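> Please find one structure pasted underneath; my questions will follow.
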Amino acid sequence: MRLLHTMLRVGDLQRSIDFYTKVLGMKLLRTSENPEYKYSLAFVGYGPETEEAVIELTYNWGVDKYELGTAYGHIALSVDNAAEACEKIRQNGGNVTREAGPVKGGTTVIAFVEDPDGYKIELIEEKDAGRGLGN
């Protein structure tokens, strides 16, 4: 068993694709349209779906905003340097909501950003994080 994807409902599919690809450095892996049920999908990630978990962006036609509620927490991404990643995100128009610094009660360096729909994304500093944002 392995994790395949996390689905996020978005109010503007192209805006979300732009954020995840241009701001966070992911690749657009595939898209699909379902006119019968009036929704569109886009899958984004740092590697192929056959090897890594990805994010499914779901746009339900005509719905431009969702209530996020209080149950959802965040998605976490590893970065080589959280402060540099925040600066890069800011330069690309992203919203940094918590600057890089140690997690409360610990030493791991983290930061938080929000996507255009308000979903929180944690950046966790891990040296040699691999490919993707901050690398």
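For all residues, glycine too, the Cβ spot is worked out from N, Cα and C.
What you are looking at is a predicted structure, and each value in this text was computed from that prediction instead of being measured.
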> According to Swiss-Prot, Arg9, His74 bind substrate; which one of Asn60, Asn81 is annotated to that same site?
Asn60
> Quick check: of Glu51, Glu52, Glu56, which does Swiss-Prot put in the same Ni(2+) site as His5, His74, Glu122?
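Of the residues offered, the record points to Glu56.
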> Could you state the whole-number distance in Å separating the C-alpha atoms of Asn60 (substrate binding site) and His5 (Ni(2+) binding site)?
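Rounded to a whole number, the Cα-Cα distance is 18 Å.
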> Work through the binding-site residues one by one (His5, Arg9, His74) and point out the residue whose CB has the fewest other CB atoms within 10 angstroms.
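So among His5, Arg9, His74, the binding-site residues given, the one with the fewest Cβ atoms within 10 Å is His74.
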> Using DSSP, would you call Arg9 (substrate binding site) helix, strand or coil?
strand
> List every residue in the same chain as Glu56 (Ni(2+) binding site), at least 6 positions away in sequence, whose Cβ is under 8 Å from its Cβ.
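In sequence order, His5, Thr6, Met7, Leu8, Leu41, Ala42, Phe43 meet the Cβ cut-off.
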> Kindly report the helix/strand/coil residue split of the domain 'VOC' (2-126) according to DSSP, in that order.
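Helix/strand/coil tally for the domain 'VOC' (2-126): 21 helix, 52 strand, 52 coil.
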